[in-house]
Amino acid sequence: EALVSPDGTVTEAPRTVKKQIQFADQKQEFNKRPTKIGRRSLSRSISQSSTDSYSSAASYTDSSDDETSPRDKQQKNSKGSSDFCVKNIKQAEFGRREIEIAEQEMPALMALRKRAQGEKPLAGAKIVGCTHITAQTAVLMETLGALGAQCRWAACNIYSTLNEVAAALAESGFPVFAWKGESEDDFWWCIDRCVNVEGWQPNMILDDGGDLTHWIYKKYPNMFKKIKGIVEESVTGVHRLYQLSKAGKLCVPAMNVNDSVTKQKFDNLYCCRESILDGLKRTTDMMFGGKQVVVCGYGEVGKGCCAALKAMGSIVYVTEIDPICALQACMDGFRLVKLNEVIRQVDIVITCTGNKNVVTREHLDRMKNSCIVCNMGHSNTEIDVASLRTPELTWERVRSQVDHVIWPDGKRIVLLAEGRLLNLSCSTVPTFVLSITATTQALALIELYNAPEGRYKQDVYLLPKKMDEYVASLHLPTFDAHLTELTDEQAKYLGLNKNGPFKPNYYRY
């Protein structure tokens, strides 16, 4: 090309040199640090099954150039306490703002805090907790504190902790041991620091997944002599409790919060209906219209995922082992298949069964190029990620929580959060839904802690129906909803108390 100047002189245009963008070979430019250092830090932030030679090039932690493990830091809050272990206590102010935002969308928990604060129904309670540490959990912890409880907390997932929220809790005086990107060793160390402390012994357990309960059974079984009860909120943890009960090894009463109506319907169904799209969008920027998706499992989580994807125009297949859930999927308009039948053609594979090895190496080998693989179940056992840690496969970190796993022939799959819980690892979940779950947990703790001796035996119990209805009623004012009240005549006709419970325990909502 030529350039013409104002006086008519023609000159040759300067040549532009086109630079080819290279991704895989130039990660250190994006990281702003040498690859060697980046890889060294991975041992702290990638799960135990990872090794340096197969791991990704970026840390899962959302922080900073400081790659020092929180376990190696000496930190104190403004009151001089060092009984915590978080990423950076200086982030506390930002975490406090997030907690204040969450409080606005958690009306029931704030109402419970206001109503019961004077009575202190948890005075004397020493609660050890192992849950996702988010702004919503912080509102729950501070509510338990306001009701009189002492709390010590660890994270139930190595990727879901919000570092700034953990810092805010530590600054407020809560012994919190958690940070985003823990290793497996860090995970168990944090739980042990919550439990094994001189001069403090828990008398209540709040668990999500059963890891805390398992650790106490394994390491400190004598603690159960003083523990009044366990509150468990996940499918996985509840399954473990029922196994202990069946084997005659459950030595304290346990409350199954997961199968309470308010938790199961709202946290499992409505929450996942929104957060599945959020997690996939944030990690892959993909469009859902016309995509072929297989959802493994049609329980409440599977139902929520399928409804959202169908509404976005995806072609959805379902796998199930239970004929009742399978029939529900068929009646809802989904094609029921075996995973082997569609694995070569689908664009997205989502697991939500609570089982193990639902997606095996054989399935992964047969997937099409660029197939997205993720898990919406609590545990990371559903996808056999360990089978991908082999020398012939190459792992490339694309962005936080997104890995390309590349086969020798060039085929690649997109693995999200290394097979861990997608929505809490890669995005967020609706605060309002978590208000329902957290209120249910708080009431279950109050019930077990204050129950007279003999009311609950060494078994697993569901939350009383009356409490389920109370949790729901606390959330209705948010929608300016007005409940109809039974007349005396109507209540007598139905054989009900005017104030509930309104359904028998066997009623299926």
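Note that Cβ sites are derived from N, Cα and C of the backbone, with glycine treated the same way.
Per TrEMBL, region 'Disordered' is recorded for 1-82. Marked as compositional bias 'Basic residues' by TrEMBL: 33-42. Residues or ranges marked as compositional bias 'Low complexity' by TrEMBL: 43-62. According to TrEMBL, the substrate binding site annotation covers Thr134, Asp208, Glu233, Lys263, Asp267. Marked as domain 'S-adenosyl-L-homocysteine hydrolase NAD binding' by TrEMBL: 268-429. Positions annotated as NAD(+) binding site by TrEMBL: Gly299, Glu300, Val301, Gly302, Lys303, Gly304, Glu320, Asn423.
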Annotated NAD(+) contacts Gly299, Glu300, Val301, Gly302, Lys303, Gly304, Glu320, Asn423, maximal Cα-Cα distance (Å, integer): 22
Distance from Asp267 (substrate binding site) back to Gly304 (NAD(+) binding site), taken between C-alpha atoms, in Å: 10
Between Glu300 (NAD(+) binding site) and Asp208 (substrate binding site): CA-CA distance (Å): 17
Gly302 (NAD(+) binding site) versus binding-site residues Thr134, Glu233, Lys263, Asp267 - nearest by Cα: Asp267
Distance [Cα-Cα, Å, rounded] between Glu320 (NAD(+) binding site) and Glu233 (substrate binding site): 23
Site extent for substrate (largest Cα pair distance over Thr134, Asp208, Glu233, Lys263, Asp267, Å): 18
Between Lys263 (substrate binding site) and Val301 (NAD(+) binding site), the C-alpha gap once rounded to whole angstrom: 12
Gly299 (NAD(+) binding site) versus Glu233 (substrate binding site) - Cα distance in angstrom: 16
Predicted model, mean pLDDT over the domain 'S-adenosyl-L-homocysteine hydrolase NAD binding' (268-429): 95
Whole-number Å value for how far Glu300 (NAD(+) binding site) lies from Asp267 (substrate binding site) (Cα to Cα): 9
Among Asp267, Glu320, the one of these binding-site residues whose Cβ has the fewest neighbouring Cβ atoms within 10 Å: Glu320
Cα distance (Å, whole number) from Thr134 (substrate binding site) to Gly299 (NAD(+) binding site): 25
Rounded Cα-Cα span from Thr134 (substrate binding site) to Lys303 (NAD(+) binding site), Å: 25
